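*Asks:* The following feature annotations were taken from TrEMBL:
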BINDING   G129, R192, G193, G217, D218, G219, T220  ATP binding site
BINDING   T246, V247, D248, M291, G292, R293, E347, Y405, M406, I407, R408  substrate binding site
COMPBIAS  10-24  compositional bias 'Polar residues'
DOMAIN    121-426  domain 'Phosphofructokinase'
REGION    1-31  region 'Disordered'
Amino acid sequence: MAVSCPEVTANLTTSADTQSPSEQQRQRQDQSLDTFSFAPVSLQRLPHLADYLQNLQTLPNPLDSNRFFHPIDGFYIYPCDVILRQIVYDLSGMFSPPAPHLAYHRAGPRERVFFEPSEVRAAIVTCGGLCPGLNTVIRELVVGLWELYDVREIYGITAGYRGFYSCEPVKLGPKMVHGWHKRGGTALETSRGGFDLEKIVNAIEEKGFNQVYIIGGDGTMRGAVKIFEEIRRRKLKIAVVGIPKTVDNDIGIIDRSFGFQTAVEMAQQAINAALVEAESAVNGIGLVKLMGRSTGHIALHATLSNRDVDCCLIPEVEFFLEGKGGLLEFLDRRLKENGHAVLVVAEGAGQSIIPRTESQKEERDESGNPVFLDVGGWLKSELKKWWDRDHPNELFTVKYIDPTYMIRAVTANATDNLYCTLLAHSGIHGVMAGYTGFVCGPINGTYAYIPLDDVAKAKNVVNTRDHKWAWVRSVTNQPDFVRS
């Protein structure tokens with residue numbers, strides 16, 4: 001694949017006398033650049049039922065006769081429609097482009113389907129923690145299957161993965177789920193753990209499900225990979241799709257996960273309350289702990305959105321308390337300047353410097369994740385110790401706010417609600433087209449189908465060397481926490 005760039009060199013008004021050596025080098029490269037090309041795109045292979053099942057029958061897409069749609073040229077998506085993962089390139093050649101150049105199949109309806117709607121028996125399950133938008137995804141899966149493809153056998157699996165083999169499925173329809181998008185949490189109920197591959201796949205087979213929609217985070221997606229692989233090993237005509245859910249926004253490849261924007265919006269209330277408390281006290285500090293076990297996206301975006309935060313601590317940046325360039329020195333200076341300070345910390349920040357017992361180091365939750373200590377409570381205690389030691393007999397207040405369960409339990413905002421609808425419909429279109437073992441989500445703003453295994457392995461961490469983190473530090477003026 002080649003991209004032609006006929007006139008990259010514009011009129012350069014800066015004289016060579018005022019340019020740095022690197023600028024002169026880049027100008028020489030630009031002036032000699034007539035075309036830009038890169039190696040062929042590597043299209044990521046998307047699993048399909050036809051990969052392991054023979055003589056599958058296809059049907060015209062029911063959307064052809066759907067009263068809500070009028071398919072025209074370009075309405076249906078074809079295998080040649082792809083989405084590039086990398087869309088920004090340095091034409092000067094000073095920085096090597098990523099290799100290989102990955103591409104994914106575009107999401108959307110296909111002209112032929114591999115399921116007879118009257119024979120579809122769909123299962124929907126939510127796993128892991130709560131997240132704004134869960135009920136919207138469930139609702140739109142039900143309504144989409146019902147209205148777009150005339151599917152009538154739709155079931156909800158309660159209690160997460162364990163619900164496949166321990167609970168009776170709940171029959172779902174448009175009337176039942178009508179107002180679910182206005183409710184927080186998940187109407188299907190959820191849980192962590194309970195993943196027993198043999199029991200889950202046996203239950204899926206015994207109950208006659210041939211489409212399985214799995215909504216969850218990175219741990220849930222890893223489980224979905226195993227379910228898909230076992231179904232493929234047994235050569236069953238059952239399609240599996242993952243719909244990525246993590247309020248932390250830590251799932252890789254896709255632009256963002258649903259619920260994230262709602263979480264950033266709701267975090268503003270906690271930060272504003274912390275500011276009021278801090279400003280209303282002598283030497284007041286407002287301390288807010290936000291979600292983010294392995295990534296600090298919520299804390300970062302909430303800080304940038306609010307602009308009243310004095311320091312943002314995230315898991316990707318180690319910090320220290322004592323000494324030159326440390327947190328305590330910075331807060332001491334900020335209190336002298338302003339009389340108050342607001343500190344935002346992601347739950348996964350500072351875990352390496354919080355004292356732990358041996359048993360605490362080994363502790364795991366039901367999903368197998370390390371149990372984190374409360375960084376907010378620890379920071380509050382350390383701040384009080386510091387002030388009593390260095391500023392005896394002076395007034396000082398720390399107000400600690402942890403809005404975690406308030407944020408994750410709210411209904412999705414308008415942006416996330418729309419996003420959830422598009423995710424659900426993209427998933428339905430892909431499954432009806434016979435694809436399986438995939439995740440749907442936006443890449444560079446366009447919805448794509450991504451192999452489940454790729455998403456389960458990918459992480460989305462904050463890049464502390466890009467412009468966004470520099471923007472945070474310019475807003476807060478906080479130290480870089482690099483020891484002298």
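Using the three backbone atoms N, Cα and C, a Cβ is placed for every residue, glycine included.
All annotation found in TrEMBL is predicted automatically rather than curated by experts.
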*Asks:* Check the Cα distances from T246 (substrate binding site) to each of the binding-site residues G129, R192, G217 and keep only the ones within 10 Å.
*Replies:* G129, G217
*Asks:* Per the record, substrate is bound by T246, V247, D248, M291, G292, R293, E347, Y405, M406, I407, R408: how many Å separate the farthest pair of Cα atoms?
*Replies:* 17
*Asks:* Would you count the other C-beta atoms found within 10 angstroms of the C-beta of T220 (ATP binding site) for me?
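*Replies:* Neighbour count, Cβ to Cβ under the 10 Å cut-off: 26.
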*Asks:* Let me make sure I understand the structure: which of the binding-site residues listed (G129, G193, G217, G219, G292) has the fewest other Cβ atoms within 10 A of its Cβ?
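*Replies:* Selected from the binding-site residues G129, G193, G217, G219, G292 on minimum Cβ neighbours within 10 Å: G193.
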*Asks:* Need one number: mean pLDDT over the domain 'Phosphofructokinase' (121-426).
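*Replies:* Result for the domain 'Phosphofructokinase' (121-426): average pLDDT 96.
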*Asks:* Please find which two of G129, R192, G193, G217, D218, G219, T220 have the most distant C-alpha atoms, given that the record lists them as binding ATP, and give only that distance in angstrom, rounded to a whole number.
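*Replies:* Site span for ATP, by Cα atoms: 13 Å.
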*Asks:* Are any of D248, G292, E347, M406, R408 (the binding-site residues) within 10 Å of G129 (ATP binding site) when you go C-alpha to C-alpha, and if so which?
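*Replies:* Close binding-site residues: R408.
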*Asks:* How big is the Cα-to-Cα gap, in Å, between G292 (substrate binding site) and G217 (ATP binding site)?
*Replies:* 13
